[in-house]
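As annotated by Swiss-Prot, transmembrane segment applies to 16-36, 347-367, 369-389, 396-416, 440-460, 472-492, 537-557, 863-883, 888-908, 911-931, 968-988, 998-1018, with the evidence given as sequence analysis.
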Amino acid sequence: MQVLPPSSTGGPSRLFIMRPVATTLLMVAILLAGIIGYRALPVSALPEVDYPTIQVVTLYPGASPDVMTSAVTAPLERQFGQMSGLKQMSSQSSGGASVITLQFQLTLPLDVAEQEVQAAINAATNLLPSDLPNPPVYSKVNPADPPIMTLAVTSTAMPMTQVEDMVETRVAQKISQISGVGLVTLSGGQRPAVRVKLNAQAIAALGLTSETVRTAITGANVNSAKGSLDGPSRAVTLSANDQMQSAEEYRQLIIAYQNSAPIRLGDVATVEQGAENSWLGAWANKEQAIVMNVQRQPGANIISTADSIRQMLPQLTESLPKSVKVTVLSDRTTNIRASVDDTQFELMMAIALVVMIIYLFLRNIPATIIPGVAVPLSLIGTFAVMVFLDFSINNLTLMALTIATGFVVDDAIVVIENISRYIEKGEKPLAAALKGAGEIGFTIISLTFSLIAVLIPLLFMGDIVGRLFREFAITLAVAILISAVVSLTLTPMMCARMLSQESLRKQNRFSRASEKMFDRIIAAYGRGLAKVLNHPWLTLSVALSTLLLSVLLWVFIPKGFFPVQDNGIIQGTLQAPQSSSFTNMAQRQRQVADVILQDPAVQSLTSFVGVDGTNPSLNSARLQINLKPLDERDDRVQKVIARLQTAVDKVPGVDLFLQPTQDLTIDTQVSRTQYQFTLQATSLDALSTWVPQLVEKLQQLPQLSDVSSDWQDKGLVAYVNVDRDSASRLGISMADVDNALYNAFGQRLISTIYTQANQYRVVLEHNTENTPGLAALDTIRLTSSDGGVVPLSSIAKIEQRFAPLSINHLDQFPVTTISFNVPDNYSLGDAVQAIMDTEKTLNLPVDITTQFQGSTLAFQSALGSTVWLIVAAVVAMYIVLGILYESFIHPITILSTLPTAGVGALLALMIAGSELDVIAIIGIILLIGIVKKNAIMMIDFALAAEREQGMSPRDAIYQACLLRFRPILMTTLAALLGALPLMLSTGVGAELRRPLGIGMVGGLIVSQVLTLFTTPVIYLLFDRLALWTKSRFARHEEEA
């Protein structure tokens, strides 16, 4: 065996170079572990970073918003407010519904939060109304998170009440049991019930009241324990015909006797099978339907949950009659899969481009195969670690691997290029591999750890943004570490076995032409570098100018939070005048649906009218517009939204608010628009004074569009002003008045019908077909203490007033949300600043506090920490480089390349019309790690030349620049081509990936051009500074 000199021992690579079989098997093990890990990894749109969120819904039919707030919401809020780990509590109290949304700290497990919520509900039970039909129901779901799947159930042969009954008992319950499903809601409100519509004139003529009827019905329909008989030899269970099951049985119920003749319920009321709530409706396109929305639990994997639903659906639909049709109207996983597939394609494209650039520079197939093996091996091996860390295959981890393509090849290129140089000088391949790998080992370690140091601050980003990019940063760091291992083990071993002088000297026409081209480029660079070194102060002024320019660009570039994605689904809110009835709103909704369905980009539409846990008032409707796949429509979602709003503007009396659904949901409320700003006060009066003024001013700002608020205080109220003295004289209490009104107009649930499969309600109300509006109040009768019947009008006056349609709280205090969008020619940063400036001009009183919510609040938080994040990345890199070089000066030389990357990235973003958002900022941070590689490769060789060959600093850096020009250019182009597919992406989810690619490509181009000249000059200036400093210290010591 050839004896090698000490300088050629190969360092940490020697063992692997000398043991090719062991090295090969080790790499095979990494490959197999990565393949197994890839198959085991779940797929999702983004890392699971949801806040633990629980929604508590309480329904109290007939209750006003004020009653819901004071009697239901407030007692629950007081108990919930004592829970530990609660981050934010918001509530919405509307007519008959209270919805409380509890958002917990990211560190609190959802199951623990669930236990605390259940305990709080139990503690509040005694404080809630005694006639509450059902206790509060909680769901582990974020109401602002769009459904993962929407299904429409229709039938041409069956009434909707029967359809809902079957869907609820046979389909919804089974889907709710699937792991990951948080809530299954049935919109349409056609739950079966027996409806008793009292004829007010008939019961008045007979001297009866609605309370008499209610008492008779509740007493006639019971379902309670009756006991059993235990004899000497037999035990007998007692049962009775105490349950009435059908409308016909209730129709025959005797409610009173008059002159010894029975009065049956059918004599004074219309009794029929109907819906429990007649003021709810849902439509699929233009057809009335039961719409099933499936929402996931926070943290659940959306793909696996949707797959489980899809697998179960055929079995569930088989249990339904043939006339019932179940249609999947939307499935968010379709776009998620398409987005992930596009990102995977861009990853493969990046690998192909990187390998192509390697061949272009090396012009040798064996030399190209080596990094061609190292790149996929490093990426595939990363999957094994991702499984161990419980990560997923999502857009961000795939973006990390795509960017890593340009990173991981750098190490292999540097090793191959250095070993090839020694082989071309006449060294044997084995000796060249040992010598080249040993010489470059420290550079590889420096490159690796300085790059990972850049990613460290990402791990310490706070709140949801930090959680979001944790997987991105760690995935990229793991790929870089595996790349370093491969480059110090497999790559030199393959070089020793596959490269030779003959293979490197073997040239074809392309090789010779490209060699001449590179020689000319290097020669031109050498001439330019010599001139630059002769004019250092001019070059230094250019470097300082880039620093100043980067600061100016940072200040003036439009800033955003997260790119608006086109996921093919639009959420909409339809708003009508505040006094609109259910019938009126349903008619308007159908008019709007006709307009929307005419748009060529729209595939289907679901809409919902009525008050329940998702819709706050009768004058609003919820819509979900499902667009055709991206390749089947001409326009992206923002243009479709603009076109739809223009078309719906022609429908009189309605306002339509639309926003595209996003993979990242930070809000906890379903909002009309993408962004929210809240005003909070201690009383509703303060809000009623200032909210309209602020909204009016904000609507005039060009930086905002679709400005509206959820403050609706013009809801019509018929105020029953009871003369308490007169009522007391007649023996009539306020409870009697409330009961009479509730019986007549509250769709009161007065009894329950129990069956083997479900429970159904008996609904009591007055038949108001012949006495619409306020005239119906004249039919109300009450019973006095002597048994007489007293008209309500004799003891009360009816006053028409205005009152809020809903009352919203944030952390137990009244709040109003102002919603807004941002026009195309402005950024979120512009909008936020405009709102803050307008707020200052109003001089709001001190008892009103304002705050941005949802993604706008996250934007402010992320923007505030961005500068510190970049500073932390620079400091971390300085510390690592200082430790590696045992120098305070050389790390500064290396870091001097950073402003050029910032200028290039910011200029590219501005030229492309992109905002400086979180994704683009991540790209800039990655650029900090990339561009310093050029300086590291130059400085490493310059220091070695000074130390080992005795060169002067100028000659050393000049030779280092020429010697390392080709690998510097190669690695930069590899990183650039790795980011190029992201910059040019046009498929599903491209909006998320493009800012990262644009920033990195722009930064790499500018930094490549400038750092080749500025780094040598700064190196020499700092070298002179170091010599001057040493001489000063030496002089002081001599004088001392």
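Including glycine, each Cβ sits where the backbone N, Cα and C put it.
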| request: Could you tell me whether the transmembrane segment (537-557) and the transmembrane segment (998-1018) are in contact, taking contact to mean 3+ Cβ pairs under 8 Å with a sequence separation of 6 or more? | output: yes
| task | Please indicate, using numbers and ranges, the residues of the same chain that are 6 or more beyond the transmembrane segment (888-908) and have a C-beta under 8 Å from a C-beta there. | result | 450, 543, 546-547, 549-550, 553-554, 557, 874, 877-878, 881-882, 916, 920, 923-924, 927-928, 930-932, 934-936, 939, 943, 998-1007, 1010-1011, 1014-1015, 1018-1019, 1022-1023, 1025-1026
| Cβ contacts under 8 Å made by the transmembrane segment (472-492) with residues that lie 6+ beyond its boundaries | 10, 12-13, 16-17, 23-24, 26-27, 30, 47, 370-371, 373-374, 377-379, 381-382, 385-386, 389, 391, 396-397, 399-401, 403-404, 407-412, 414-416, 419, 433-434, 436-437, 441, 444-445, 447-448, 451-452, 455, 458-459, 922, 926
| query | With pairs closer than 6 in sequence left out, are the transmembrane segment (863-883) and the transmembrane segment (16-36) joined by 3 or more CB pairs under 8 Å? | reply | no
| task | Please indicate, using numbers and ranges, the residues of the same chain that are 6 or more beyond the transmembrane segment (968-988) and have a C-beta under 8 Å from a C-beta there. | result | 335, 338-339, 342-343, 345-347, 349-350, 353-354, 356-358, 361, 399, 402-407, 409-410, 413-414, 417, 566-568, 630, 923, 930, 933-934, 937-938, 994, 996-998, 1000-1001, 1004-1005, 1007-1008, 1012
